[in-house]
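A.B. asks: Okay, handing you the structure first.
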Amino acid sequence: MHIQATGNVYRAKAVTGIKTVTDILMFGAGGHAAAVSDVIRDIEDFNISGVIDDSPSLQGKCLFGSTVIGGRQQLYMNGLDTMAIFLGIGDNLTRARIARSLGGREFPVLVHPTAHIGTNVSLGEGTVVMPRAIIENGARVGAHCIINNGAVVGHGSVVGDYSHVSGNAVLAGGVNLGERCLIGIGGCVLPNVAIGQDSIVSAGSVANRSAPERHYIMSPGSRIFRRFEK
Amino acid sequence: MHIQATGNVYRAKAVTGIKTVTDILMFGAGGHAAAVSDVIRDIEDFNISGVIDDSPSLQGKCLFGSTVIGGRQQLYMNGLDTMAIFLGIGDNLTRARIARSLGGREFPVLVHPTAHIGTNVSLGEGTVVMPRAIIENGARVGAHCIINNGAVVGHGSVVGDYSHVSGNAVLAGGVNLGERCLIGIGGCVLPNVAIGQDSIVSAGSVANRSAPERHYIMSPGSRIFRRFEK
Amino acid sequence: MHIQATGNVYRAKAVTGIKTVTDILMFGAGGHAAAVSDVIRDIEDFNISGVIDDSPSLQGKCLFGSTVIGGRQQLYMNGLDTMAIFLGIGDNLTRARIARSLGGREFPVLVHPTAHIGTNVSLGEGTVVMPRAIIENGARVGAHCIINNGAVVGHGSVVGDYSHVSGNAVLAGGVNLGERCLIGIGGCVLPNVAIGQDSIVSAGSVANRSAPERHYIMSPGSRIFRRFEK
């Protein structure tokens, strides 16, 4: 299910395309889930009813103002079996695997109020647009993507399902990312470049030409020098 | 004509320095024009009365909620001959050439409401400040510039006419860019560095010393490696 | 003194943790002080009562709407001897030295209204969070730090006292910066990397592994090429 976002309608509240969601389960208890919980706090339409995590040591703990109510099997209990879920998982492959195993549930789209969404933008289910991210006119973002803090998705670009555009990374106009791609923090993709599925543009690197699937695009690494004698 | 921006006055509306503009012609029909049309949508003071593009295949089509009403010669028809124009053209040389050929028209300054403009900032006619861009205290930006999504122009920096600071690029304090410079996406210019006219800091590169006119500043290119065997 | 920021409470006003401050002395008269004065303008709770700078040539001049009322010795005059001070000084070592020499004064925390602060974030006294910066859930920022325009401090990261995360730089999650570190404009630090005190990640460089104290992390430098024959 893709959701068509037009203008500002995403900026002050979450949109599911179906109905207003008030209760949601957060799947995951790590740092990315914590950051997403702040997005939910600022959207104000949502309430995190509980956190789902398979780790036994976390059960019953309170995270992001909610309790870890159990692992995956808990999702099929009465009262939880139809509730909307958000996958607060940063790793693309893990997020994709879990999303597929939970087919049939509702995955809302979360857009932070400070994000800028152009016209004719589509956002797939389960995707989060983090604070200050920008998605320009005509871009299409797939399902279960992360458009992270301050990232830019240029006009007419396409982001495949389960991909992650990290903090302050930039896709210029007309970029095409396959599924499960990772653009590291500060990474850049030049206009009209296509990146195959499961590829990675490493942090701070610039993809100036297209790359096949399952490849790395890497700039020369940094080095560490002693600053001065002690 | 330079316009002095002071404080928040640019943030909720467009400013022309002369009068309130309500009708505007967009010159150009590509991706940058589409992104600028979203800026106009969010400023709310403007109405795009029509799109001008020389391409015969686009005539009569509807773009960004407006109709392509003709090519350049149409600008001199009754009713259009005094209307304000915005050049929605990403290429610096093309934008400069067209601006000069249209001398005498009014070119408004467009500042997105989410942009942050410091005090004592000046912005030249026909310049657009895109979402989330920051222009710090005392900076001077010339005419027909693009300060793109999330870009930073540091305190006291100067940006020459027809230059383009791309998405998430950063000019530190006291930078001096000549006319028609391009700072690529994610590019950086260190404090007090001067870049001559018609020069390019390529995407993701760092200009750590001054450069003459008509030069490239380029970091070593990225490479593509196979990620793992299939 | 650390201040616990929770939710949006920092976004529309300054917080001192003690009381509402209305009058403040700006220490420093350079470009960074000018940019900070714009933050104060936008916070609206503050009034800059005067500027302190040791340079004789600046005495009596009007900067950022306020007068340079004298050098450091002036701070101990009647009426100024208990006033809150903000150190508008970009250099980490200088800022640290002056902060220590002024022990016992009140140093407010300044957070621009457009900054995004997650839950469970702590900010030390004298720290400024510039426009559009993001500090994610659970991050701890020390005293007298600069989190500059558009910078991102990821979830659970720690920034040591007197450090500076420059414009559009990104700390991923779980990063640990020591005291007096400088992350240059556009610089990136990967998840869980630790950078020792007094170290520098130069502009546009990526720290992909930990570094000891007093070291540089530098990517290969850019080069300058002639663009084309004149």
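Yeah, the Cβs are placed from backbone N, Cα and C, and that goes for glycine too.
Caution: TrEMBL annotation is automatic and unverified by curators.
Feature table excerpt (TrEMBL):
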DOMAIN    A:23-102  domain 'PglD N-terminal'
BINDING   A:Gly90  substrate binding site
DOMAIN    A:111-198  domain 'Mannose-1-phosphate guanyltransferase C-terminal'
BINDING   A:His164, A:Ile185  acetyl-CoA binding site
A.B. asks: Roughly how many angstrom lie between the C-alpha atoms of A:His164 (acetyl-CoA binding site) and the residue listed as 'substrate binding site'?
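C.D. replies: It is 8 Å, counting Cα to Cα.
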A.B. asks: Give me the long-range Cβ neighbours of A:Gly90 (substrate binding site): same chain, 6+ apart, Cβ under 8 Å, in sequence order.
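C.D. replies: Spatial neighbours, sequence-distant, of A:Gly90 (substrate binding site): A:Gly30, A:Gly31, A:His32, A:Ile146, A:His164.
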A.B. asks: For the domain 'Mannose-1-phosphate guanyltransferase C-terminal' (A:111-198), report the average pLDDT of the model, please.
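C.D. replies: Residues in the domain 'Mannose-1-phosphate guanyltransferase C-terminal' (A:111-198) carry a mean pLDDT of 97 in this prediction.
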A.B. asks: Same-chain residues six or more away whose CB lies under 8 A from the CB of A:Ile185 (acetyl-CoA binding site)?
C.D. replies: A:Asn148, A:Ser166, A:Gly167, A:Asn168, A:Ala169, A:Ala203, A:Gly204
A.B. asks: Going by DSSP, how much of the domain 'PglD N-terminal' (A:23-102) is helix, how much is strand and how much is coil, in residues?
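C.D. replies: Counting residues by DSSP class gives 31 helix, 22 strand, 27 coil.
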